[in-house]
Structures are given as C-alpha cells and as structure tokens.
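Asks: Quick one: structure below, then a few questions.
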Amino acid sequence: MKVGIIGASGYGGLELIRLLHGHKEVESIDLFSSSEEGNIFSNKYAHLMNIYDTPLHKIDSGHLANLDVVFTSTPSGVSSKLLPSLIGKGPRLIDLSGDFRLPEREYEKWYKKEAAPTDALEESVYGLSEWNRVQIKEASLIANPGCYPTAVLLSLLPAVNNSLINTDNLIIDAKSGVSGAGNKPGQITHYSVANENLSIYKVNQHQHIPEIEQGLELFARKPQPITFSTHLVPMTRGILAASYAPLADGVTEQQLIDCYKETYKDEAFVRFNQDASPFGTNQVYGSNYCDIQIHVDPRTNRATIVAVIDNLVKGAAGQAIQNMNIQFDLDESTGLSVIPLFI
Ligand SMILES: NC(=O)C1=CN([C@@H]2O[C@H](COP(=O)(O)OP(=O)(O)OC[C@H]3O[C@@H](n4cnc5c(N)ncnc54)[C@H](OP(=O)(O)O)[C@@H]3O)[C@@H](O)[C@H]2O)C=CC1
Ligand SMILES: CC(=O)N[C@@H](CCC(=O)OP(=O)(O)O)C(=O)O
C-alpha cells in the first residue's frame with residue numbers, strides 16, 4: 001500500500017509514521033507539509049535520522065490521488081477543505097481531526113469554525129473500530145474518533161447498550177497528558193503552566209461533549225446529555241476517563257462485569273483488567289490498548305467505570321491504522337502489535 005500523511009510533523013503524524021514504518025503491507029509513506037515543503041524531515045526530528053532523510057512534499061491533489069490511503073492529522077478546519085475533492089477519487093481517506101465527526105450545525109457550534117460541505121459529511125463514517133466495523137470497511141472517508149471519546153465510548157457502551165446503568169445523570173471525569181493539545185506552543189502546554197499543576201479546562205464547553213453524546217445515541221440508542229469534564233495532567237501521554245453512574249434497578253456488579261467480558265472477549269485491543277491496582281495510563285503507554293476496569297460501591301449502588309488509553313495511539317494514530325486494516329481486510333493488529341512501553 002502507498003500511504004500519505006498530511007500533518008506529518010505533528011504529534012498524530014509522527015505517531016502514524018512510527019507505527020506505519022513497521023506495517024508489513026505498507027510499501028511507501030509520503031510525508032506532506034503545508035509550511036516546510038522540501039525540507040529534510042530528519043533535520044527537524046533527530047529521532048528519525050537515517051530513517052526519514054527525505055524531503056517533505058507539497059500538498060498536491062494529483063500526488064494524493066495516486067496513493068492508496070491518505071491520513072490527515074491537521075488542526076480542525078483544515079481537512080474539511082482538503083479532503084472533499086478527493087472523496088471517491090482513489091485513496092481511502094482517514095481524518096484524525098474533528099472535521100467530519102459531527103453534523104454541520106453541531107460542528108459549527110462547538111468548534112466555532114465553518115463545517116465541511118454537507119455531501120462530504122454524508123460520506124463520512126465514524127471510526128470507532130470495535131463498534132462500527134461494517135461501515136468502516138466500506139467508507140471512502142473515515143472520521144477517526146477524538147481521543148477522549150475513544151476512551152469514554154469504549155468504556156461506557158457495553159453498560160449503556162445493555163441498559164445496565166442509569167444514564168440520567170451520567171458524570172464523566174477525564175484527564176489527559178499535554179500531547180493531547182498538539183505539538184504547537186500554547187499557554188496550556190507551557191512547561192511552567194502545566195508542570196506542578198492540575199487544571200480543569202473547557203468546562204461544559206469541550207468539543208468532545210457532542211461527539212460522546214452522538215456515540216451513545218449511535219451505538220446504544222441513548223440520546224442523553226452528559227456532564228463531561230477535562231483536566232490537564234503534567235505528563236506527556238495518556239488519558240484516564242472515569243464515568244460514574246448508578247446501576248439500573250436489579251442489576252448486580254457481577255452482571256456488569258460479565259457484560260464487559262462478553263462484549264470484548266474477541267477484541268485484540270480492549271483489555272478488561274479488573275484486578276490491577278493501581279490502574280493507570282502507564283500500562284498502555286505507546287500501545288493501541290484500551291484497558292477498562294469497573295467497580296460498584298454497594299453503599300451507593302454507583303458504578304465507577306474507568307478506561308485508560310494512550311491518546312496518540314488508541315486515541316489517534318493507532319485507531320486510524322486499525323481502521324485502515326479493517327478497510328483492507330487485514331488482521332486488525334497488523335502494525336499495531338507493540339507491547340506498551342514500560343516507564
Ligand atoms: N494530539 C492528540 O492526542 C490527538 C489529536 N487529534 C486531532 O488530530 C489532529 C492533529 O493533532 P496533533 O498531531 O496533535 O496536532 P499538531 O498541532 O501536533 O500537528 C498538526 C500538523 O498539521 C499541519 N498543519 C497545520 N496547519 C495546516 C494547514 N493549514 N494545512 C495542512 N497542514 C497543516 C502542521 O504541519 P505542517 O506545518 O508541516 O503542515 C502540523 O504539524 C488535530 O485535529 C487534533 O485535534 C485527535 C486525537 C488525539
Ligand atoms: C490536552 C488537550 O488539550 N487535549 C485536547 C484534545 C483535542 C483534540 O484531540 O481535538 P479534536 O478531537 O477535537 O480534533 C482538548 O482537550 O481539546
């Protein structure tokens with residue numbers, strides 16, 4: 001397969017390169033840049049020395065049309081302009097940004113940017129690998145899920161879909177490392193702002209709120225407003241999302257646990273890990289795993305459902321490659337069978 005990456009120099013792009021480099025079906029990876037065309041990539045990223053001593057390409061639709069897969073890992077508002085003209089022209093398109101995940105009106109409300117054209121949005125398929133394989137396989141354009149929604153939906157959908165928890169007052173408390181904010185300088189990721197600090201941000205305004213609500217509706221038929229809060233943790237990678245909800249009437253902790261074990265029993269990348277304590281982001285670092293743990297407090301009858309992922313892998317590049325594998329009838333683990341980095 002001939003693959004292209006637009007936004008190669010960002011965190012998501014660099015992670016795509018790292019994983020695709022070891023993918024046995026990928027014969028070439030062309031790297032595209034909007035700002036550094038012609039520059040030798042390894043001059044900017046020393047870790048790629050002797051591996052990618054190649055120039056960055058100009059973003060050119062003729063060049064892109066000759067590839068089998070094009071990944072866009074660009075800030076919101078970019079792929080909505082770049083990709084529509086490529087739909088149905090040859091390459092499978094996999095977008096890591098939020099541009100094709102939401103209906104027009106929702107996107108403009110939460111992202112405060114112009115939405116992608118309606119016909120392009122109609123073509124896009126939401127790429128939550130474990131829950132949408134049939135549609136992903138046929139899609140010409142995949143909207144790869146956001147990092148937080150990946151952790152939240154994978155960990156909530158079995159319970160919600162089987163009506164095992166009461167979702168009326170669902171509270172989701174999520175925390176992310178700073179690489180979630182991208183590879184560009186910004187106030188929130190400034191060392192002296194992030195270090196020795198734990199902060200909450202975008203309260204009730206996070207752009208992943210409508211995406212999670214949409215996922216609950218799409219995969220579990222539960223159109224339910226959620227309370228979702230996001231926190232910045234002074235670490236580089238990782239997301240921990242904890243959801244709190246009462247058990248539905250008559251449901252036991254064991255039923256909840258059995259449901260998760262059954263739902264994910266054949267999944268390569270979802271590990272139900274009931275006993276680990278502590279249970280944290282470093283157990284999935286650098287890998288495509290989503291680990292899930294559940295506890296019910298008998299005093300409150302409330303379930304705590306926790307998921308950890310690496311935001312750059314299962315939350316971005318890894319899931320994008322898993323989706324590519326689904327599209328090309330490959331084993332979903334191809335290029336993704338890496339053991340988490342022990343740190
Ligand atoms: N970081 C994360 O954990 C996750 C990120 N995402 C989403 O994935 C996307 C990429 O994220 P991330 O890699 O972190 O972002 P970065 O800011 O690290 O990188 C984005 C890259 O996009 C390229 N770019 C910027 N403007 C343009 C443009 N106008 N046209 C074409 N390319 C452009 C830049 O490269 P150049 O200047 O060379 O063109 C840049 O390196 C974002 O939409 C993000 O929200 C999704 C899930 C997780
Ligand atoms: C730590 C941090 O700042 N994380 C980012 C993740 C954003 C992201 O991935 O954006 P889209 O999914 O919308 O493209 C945030 O919370 O906004």
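Quick reminder: no glycine exception, Cβ is built from N, Cα and C everywhere.
Relevant sequence annotations retrieved from TrEMBL are reproduced here:
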type: ACT_SITE; residues: Cys147; note: active site
type: DOMAIN; residues: 2-139; note: domain 'Semialdehyde dehydrogenase NAD-binding'
Asks: Mind tallying the domain 'Semialdehyde dehydrogenase NAD-binding' (2-139) by DSSP state, helix then strand then coil?
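Replies: Per-class counts: 52 helix, 26 strand, 60 coil.
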Asks: Relative to the Cβ of the residue listed as 'active site', which residues of the same chain, six or more apart in sequence, are found under 8 Å away?
Replies: Ser176, Gly180, Ile239, Ile309, Asn311, Leu312, Gly315, Ala316
Asks: Which of the three DSSP-derived classes (helix, strand, coil) applies to the residue listed as 'active site'?
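Replies: Where the residue listed as 'active site' sits, the three-state DSSP reduction gives helix.
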Asks: Restricting to the domain 'Semialdehyde dehydrogenase NAD-binding' (2-139), report the mean pLDDT as a whole number.
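Replies: Per the prediction, mean pLDDT sits at 98 for the domain 'Semialdehyde dehydrogenase NAD-binding' (2-139).
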